[in-house]
Amino acid sequence: MNEFINFDEISRKTWQNLYNTSIAPLTHDELESIRSLNDEISLQDVEDVYLPLIHLLRLYKKNLEDMSYSKGLFLQKIVKTPPLIIGISGSVAVGKSTTARLLQLLLSRAFPKLTVDLVTTDGFLYTTNDLKNMGILDRKGFPESYDMEKLTSFLYHVKNGEKFEVPIYSHETYDILPNQSQIIDSPDILIVEGINVLQNPQNQLLYISDFYDFSIYVDADEKLIEKWYLERFDSLLKLAKYDQTNFYHQFTKMPEDKVINLAREIWARVNRVNLREYIEPTRNRAEIILHKTENHYIDKIYLKKF
């Protein structure tokens, strides 16, 4: 069966004409401040792709508010509108983080009186010591390396308007930062970004997907993602060259050809397998798929029909 049978395929040109918005445009400096390493994004992308998406999210938020109001009428009591939770998934190096930060900024502009928080699921990885003790350090990034029960608990608490402390993951140290956390306290909108956002833990009464009001999958051809991953790996090495505390510093002492081979080996052994077996199969669970081509250019959008 065609995976996209339940989606409308919309060209970028058609999509950009679906809605004209009055949201103040971003400056180039603002856009640069949220751009991830080696990601490509322009003000034209914001205007063509992301502002119509913001309008669509506005409709989903209104629908959530209307449903809460209707439930209150039925139950004859006040029902507080829960936060709108947006999930963003996709492969390593595909540009999820940039999309998440951009949406946070644009939603903050669209709803200036509301709180818009952003959390990455990296914070729910087990610590390096825990992974070693569990004997799965070489499986870091795969589903079993995440504390999915804690992630589910986090989403449950947020939906119920309760405070939650989220661990903070450092890409510099390649581990959870000890004694540091991000406090999420009753946001109006929450964006959750990570490779496992649309994955469901087994043997759970509650699925992660139950908590999302809207979900996005950032998609691209596997060969392109590999290219972007290798480029990012190279950029990370350059940043780590003079920082001995950086996880990637250890690789800066290696000959260039060996570093390239190492990056390719990590891609083939970890990231490609993870993409094929665990990430891409969740793609059709998303409400919308942003499809990228060369230079991270979004050429088409898939919107779920029902």
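Keep in mind that glycine also has a Cβ here, set from the backbone N, Cα and C atoms.
Listed in Swiss-Prot:
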type    : residues                               : note
BINDING : G90, S91, V92, A93, V94, G95, K96, S97 : ATP binding site
Count, for each of the binding-site residues V92, A93, V94, the other C-beta atoms lying within 10 angstroms of its own C-beta, and report the residue with the smallest count.
V92
For G90 (ATP binding site), which of the three DSSP-derived states applies: helix, strand, or coil?
strand
What does DSSP assign G95 (ATP binding site), in three states?
coil
Which residue among the binding-site residues S91, S97 has the fewest other Cβ atoms within 10 Å of its Cβ, if you could check?
S97
Which residues, in sequence order, are found in the same chain with Cβ within 8 Å of the centroid defined by the Cβ atoms of G90, S91, V92, A93, V94, G95, K96, S97 at the ATP site, excluding those residues themselves?
I195, V218, I225, W228
What is the one among the binding-site residues G90, G95 whose Cβ has the most other Cβ atoms less than or equal to 10 Å away?
G90
Counting across all protein chains, other CB atoms within 10 angstroms of the CB of K96 (ATP binding site) number 24
